[in-house]
Amino acid sequence: VLIFIQDFSKAMSQAGTSQFQEVIRQELEYSMKVELDKILATAPSNELEHTKKDLEGFKKLFHRFLQEKGPSVDWGKIQRPPEDSIQPYEKIKARGLPDNIASVLNKLVVVKLNGGLGTSMGCKGPKSLIGVRNENTFLDLTVQQIEHLNKSYNTDVPLVLMNSFNTDDDTKKILQKYSHSRVKIYTFNQSRYPRINKETLLPIAKDVSYSGENTECWYPPGHGDIYASFYNSGLLDNLIAEGKEYIFVSNIDNLGATVDLYILNHLMNPPNGKRCEFVMEVTNKTRADVKGGTLTQYENKLRLVEIAQVPKAHVDEFKSVSKFKIFNTNNLWIALSAIKRLQEKNAIDMEIIVNPKTLDGGLNVIQLETAVGAAIKSFENSLGINVPRSRFLPVKTTSDLLLVMSNLYSLNAGSLTMSEKREFPTVPLVKLGSSFTKVQDYLRRFESIPDMLELDHLTVSGDVTFGKNVSLKGTVIIIANHGDRIDIPAGALLENKIVSGNLRILDH
């Protein structure tokens, strides 16, 4: 009897706890609704409809955030994907191309995710406007690639840029320079959501303005927002009406993400007659990619699992290169009709990423975001394609910038390809210290970009500058101690050398 009473009281207290949590959830949602209504009331009439859509989307995301608990994957259910669900690129390429590749290309739209600023590299304005090669920006290279495609095949592949409120004005100004190029360029804006105070779980914005001191009150909610904002913009319907069938989506800072005709042909002319609605390009992990999201089989569906969703006890296992061999490049091919169908049914399911930030004044806030690839499980007949590493060439830091500016790559019609003179297909590992973080500091420290064809590894730390025509080979480590400065002289050849604070050059 005593055991029964204990069990009964335990069950009652658990029921009480969940009831209590439900009451708190409802109160939080009500308080959030009141605050959002106040913000909406400050919107000028020409922005009212747009702001209303943004805040409705945010409200849905906030509701889900309150419902979910902890990491959203049950580790025990994660399985390796079935063999045929991730195809090797070689197999897809071996099918060759049909004679009518132009008619297939005319069904394609290229979408670049262009919401990010260049702040991590010390630049103001959109990241896509940073010069990466021979004065060409990310955006220049993208336009050149698509123009080359349209001229070569006499096609009409348009470019769509998903901007954020941070990048829209600057990007639109620059687009005028492409008015005579053979590429139709469209833009739409992703949503603008309010940042939430971490303590009160209420928005820190008091009105709709997002300039001046209010810039920190708002954020673009990650690239998973593409589905809703593309649909809401009306552009999705317009492109379907023009006969477009697939979008190729990628990050604008991934210089390897060019249109691949073999993958496009595989989508449009599937070998088994059944079209894929969603293709994710994955590539083999290296030690540098252990945090990248990976494709798994979960409840009989392909599912993208990100490190943030992994229970703490399994993070090391997730990072293991032997168990999870591939990661998501964020190069995605998606059927337009499927986006429309799922968006209208409100059936696109993406896990919420809670991104904590500390504002300049010290206030802790959270941003609720989603990732575009996480929607893979909502689409029918999804597929992973294991592509060569050359299709993943992101420029996130000046260390990446050094690689793409060097003679490791040659530039042709906006596309970078690894130089045939390099003996190894892998890219050298480059780590530039904090003195190189900002693009302007980085450029000041190189009189010219070194010859890196035979480089395996470069680490630079401290106050270091490079003269003209320096050659780096093997493993080179240059460390200037605090207060010291090292100037690598013009024409120097460093092969397997450690250069330390007092400028002694040692064999490595």
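Here the Cβ of each residue, glycine as well, is placed from N, Cα and C on the backbone.
Here is what TrEMBL says about this protein:
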- LYS127, GLN190, GLY222, ASP253, LYS396: UTP binding site (BINDING)
- HIS223: substrate binding site (BINDING)
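Shown here: features listed in TrEMBL, placed on the structure.
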residue	record	contacts (Cβ under 8 Å, 6+ apart)
LYS127	UTP binding site	GLY116, LEU117, GLY118, MET121, PHE138, THR167, ILE252, ASP253
GLN190	UTP binding site	GLY115, MET162, ASN163, SER164, PRO220, PRO221, HIS223, ASP225, ILE226, SER229
GLY222	UTP binding site	ILE353, ASN355, GLU369, THR370, ALA371, VAL372
LYS396	UTP binding site	SER120, ASP253
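The maximal spread of the UTP binding site, taken as the longest Cα to Cα distance among LYS127, GLN190, GLY222, ASP253, LYS396, is 21 Å. Its Cβ placed at the centre, ASP253 (UTP binding site) has 22 other Cβ atoms within 10 Å. A sphere of 10 angstroms centred on the C-beta of HIS223 (substrate binding site) encloses 23 other C-beta atoms.
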